[in-house]
Amino acid sequence: MTYLERNWWLLLLRGIAAILFGIAAFAWPGLTLSVLVILFGAWVLVDGAFAIADSIRYRDRLDRWWAFLLDGVLGVIVGLIALFMPGITAIALLMFVAAWAVVGGVLRIIAAIQLRKQIEGEWLLILGGVLSILFGVLLVTLPTAGLLSLIWLIAIWSIAIGVLFVVLSFGLRKAGRRRQGL
């Protein structure tokens, strides 16, 4: 059983946090920008912390564990900025989200390529990376979209990434059980 298979639950927690944030953004679309920024910051901070925890655990097992670390550090930085500067403008929030999405997407693709021989379903991580990159590019190319559109885009993206993480985590758990003969 590989490390990833044993610790599938970390990816599950990241997925659940993303889904919960997306549902909250859909449930309360009339939120003020400040509340949205705080919710976003909390989600990204939690996701970044789990990514950092994963990277520290992977450092002895993966050559490019730094991709997970960089993804996590970027998430924590963006999360802290959002939490401690909730009065930032919508465009600034948009650019933070776009940068995080693109860089995180690239790093997920790098990690998936490295892990392709160690896990099944790495294509889900690649798909998540591609969706993140496309989402980031969309945010940059349409910066003047209304706040409600921004909230919906962020909600859809976070739910999609969350579902992909949840599916991949259960795939890792299943692969680990198969290796153990359970």
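From the backbone N, Cα and C atoms, a Cβ is placed for every residue, glycine too.
Remember, TrEMBL labels are computer predictions, not curated facts.
Per TrEMBL, the feature transmembrane segment maps to 7-27, 33-53, 65-85, 91-111, 123-144, 150-172.
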Per Cβ pairs under 8 Å, the stretch of 7-27, 33-53, 65-85, 91-111, 150-172 packing most closely against the transmembrane segment (123-144): 91-111
Closest-packing stretch to the transmembrane segment (150-172), where packing means Cβ pairs under 8 Å, from 7-27, 33-53, 65-85, 91-111: 7-27
Range from 7-27, 33-53, 91-111 with most C-beta pairs under 8 A to the transmembrane segment (65-85): 33-53
